[in-house]
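Report on one structure; see the data block that follows.
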Amino acid sequence: MLPTILSRFLRPHWPLLVAVVAFQLVQSMASLYLPTLNADIIDNGVATGDTGYIMGVGGLMLLITLVQVAAAIAAVYFGAKAAMRVGRDIRSSVFHHVNEFSEREVSQFGAPSLITRTTNDVQQVQILVLMTCTMLVSAPILAVGGVVMALQQDVNLSWLLAVSVPVLLVAVGGIIIRTVPLFRKMQVRIDTVNRVLREQISGIRVVRAFVREDRETQRFAVANDELTDTALRVGRLMALMFPVVMLVLNVTSVAVLWFGASQIDAGTMEVGALTAFLSYIMQILMAVMMATFMAILIPRAAVCADRIHEVLATETSVRPPANPVSDFDTSGEIDFRDVEFSYPGAEKPVLSDIDFTVAPGSTTAIIGSTGSGKTTLVHLLPRLFDATKGRVVVDGVAVADADPDALWARIGLVPQKPYLFTGTVESNLRYGRPDASEEELWQALETAQAADFVRAMPDGLDAPISQGGTNVSGGQRQRLAIARALVKKPQIYIFDDSFSALDLSTDARLRAALRKDVGDATLVIVAQRVSTIVDADQILVLEDGRIVGRGTHEELLEGNETYKEIVESQLTAEEAA
Ligand code: ADP
């Protein structure tokens with residue numbers, strides 16, 4: 001997948017690449033020309049004692065060197081620019097693509113792996129682009145051009161090339177072949193370290209509460225040691241590389257001098273030609289080494305490109321409609337028509353034959369035991385998942401046909417585990433409607449029974465909220481999330497077990513204020529506690545993913561066994577308390 005990724009992301013930056021190639025050409029040509037000029041000075045200038053000639057050719061060499069330096073700087077500059085832009089573009093593509101994923105795809109990859117893919121993997125590809133830009137053009141020119149120029153100097157020593165180049169290739173190639181599988185392993189191990197670390201940081205309270213620090217430390221140590229072990233093995237092989245290359249280079253120069261000296265002694269070769277030949281052979285060996293070095297980067301970048309491509313090639317399972325409808329009624333009506341839903345890979349559906357209507361402006365409660373499918377059901381409304389059968393219709397438009405932004409704009413979802421963003425109380429409240437007035441924010445806080453504790457915070461609305469909302473209590477987080485939904489003023493509110501962390505009297509006050517505040521909006525309330533939902537216009541009793549009862553509290557008490565059981569179990573619990 002490396003060529004696919006590279007061609008896709010390099011193409012927009014072709015002018016930079018053209019500049020890189022041009023400057024590298026200039027630089028390599030200069031490198032190839034300089035030793036010949038040097039030989040010229042020695043053989044024709046120094047030998048005859050012609051100072052003018054020496055100064056002239058020397059001046060030319062100086063000029064060429066200046067051009068070479070400028071070209072080298074320019075090549076690296078444009079190369080770095082191209083590489084950084086490619087990195088930026090890949091990261092941005094992956095980020096935007098992941099943003100379209102539904103929960104299904106995110107859990108398929110896992111958040112830590114998605115993060116590694118967007119950061120570390122992209123970086124490896126970026127390094128490859130950078131190195132390619134600095135070496136790809138100059139290495140072959142120096143190698144081939146070096147051979148041509150060296151042959152021009154003296155053919156008698158050329159057999160040295162035929163020996164040292166293969167020796168270098170075998171030595172460096174042998175080291176590289178052994179490192180490639182290690183690099184593959186390393187990428188997987190980086191993923192593992194990230195995963196373990198993330199799990200432990202997110203679950204740190206649980207780890208402490210269950211006194212599992214030693215075991216977790218142990219688990220991290222294993223992952224960390226494995227990564228270190230692989231990195232060390234790579235390091236050892238790489239450390240071997242430099243001495244091996246230097247050995248070949250030095251033995252070659254000794255050989256050139258040895259055999260060259262005897263030729264000079266015999267008068268078949270000039271001193272200048274020998275120095276030029278030595279320079280060329282060094283250039284050739286350096287080029288071969290650079291090329292083999294590239295060979296290390298390619299497999300690692302290829303593994304990374306595969307992982308990036310995997311993300312980019314994954315289509316979201318909640319596909320946006322081809323002709324999105326954004327023309328809704330404004331009532332807030334919800335209609336589930338024979339809906340069935342199965343999680344991917346699950347044997348049986350978690351929801352079946354779900355068929356109900358929520359009248360505009362009414363309150364519908366959904367009650368049922370844990371695992372009965374309540375959360376799954378409400379997640380179908382904002383299309384976090386698509387129903388596997390049947391239709392979910394909001395305000396006359398099937399959610400699958402609706403323009404996602406228009407659909408989400410009319411739904412305010414307070415999830416079971418609300419998430420607050422890094423910022424302040426105020427920035428979180430304004431999340432759904434940035435232009436809300438301060439008065440509206442306080443109004444929402446009052447309704448959500450959150451005004452008191454926000455007022456008590458040292459900075460009030462400006463009080464800082466840490467990532468995820470971990471610096472406020474669970475109940476406070478829930479109430480801030482409720483206020484956030486209220487500020488948005490949607491047509492339909494969904495409260496997924498949002499009142500469970502509240503005590504009974506706060507729960508009662510919140511519900512009383514809520515109905516007044518939301519006006520004619522539609523409320524869908526998922527609840528565990530019967531007391532939360534006694535006033536609802538319609539209660540749906542869910543059991544094993546099916547609706548086993550519907551009606552008002554009184555109606556259900558009369559004729560529904562499951563509902564009666566729930567009520568009785570809670571009454572007994574309260575009486576016992
Ligand atoms: P409730 O909200 O009533 O507690 P849920 O809707 O959360 O119930 O879950 C209903 C069933 O679906 C449970 O049996 C649960 O194991 C299963 N389930 C929930 N989320 C997933 C998921 N992401 N993948 C597979 N199964 C799931």
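First residue shown is number 1, and so on along the chain.
Using the three backbone atoms N, Cα and C, a Cβ is placed for every residue, glycine included.
The following features are taken from TrEMBL:
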type: TRANSMEM; residues: 12-33; note: transmembrane segment
type: DOMAIN; residues: 18-300; note: domain 'ABC transmembrane type-1'
type: TRANSMEM; residues: 53-78; note: transmembrane segment
type: TRANSMEM; residues: 127-151; note: transmembrane segment
type: TRANSMEM; residues: 157-177; note: transmembrane segment
type: TRANSMEM; residues: 237-261; note: transmembrane segment
type: TRANSMEM; residues: 273-298; note: transmembrane segment
type: DOMAIN; residues: 334-569; note: domain 'ABC transporter'
| said: Under 8 angstroms, Cβ to Cβ: which one of 12-33, 53-78, 157-177, 237-261, 273-298 has the largest number of such pairs with the transmembrane segment (127-151)? | reply: 273-298
| remark: For the transmembrane segment (237-261), out of 12-33, 157-177, 273-298, most C-beta pairs under 8 A are with 157-177
| query | What average pLDDT does the predicted model assign to the domain 'ABC transporter' (334-569)? | reply | 89
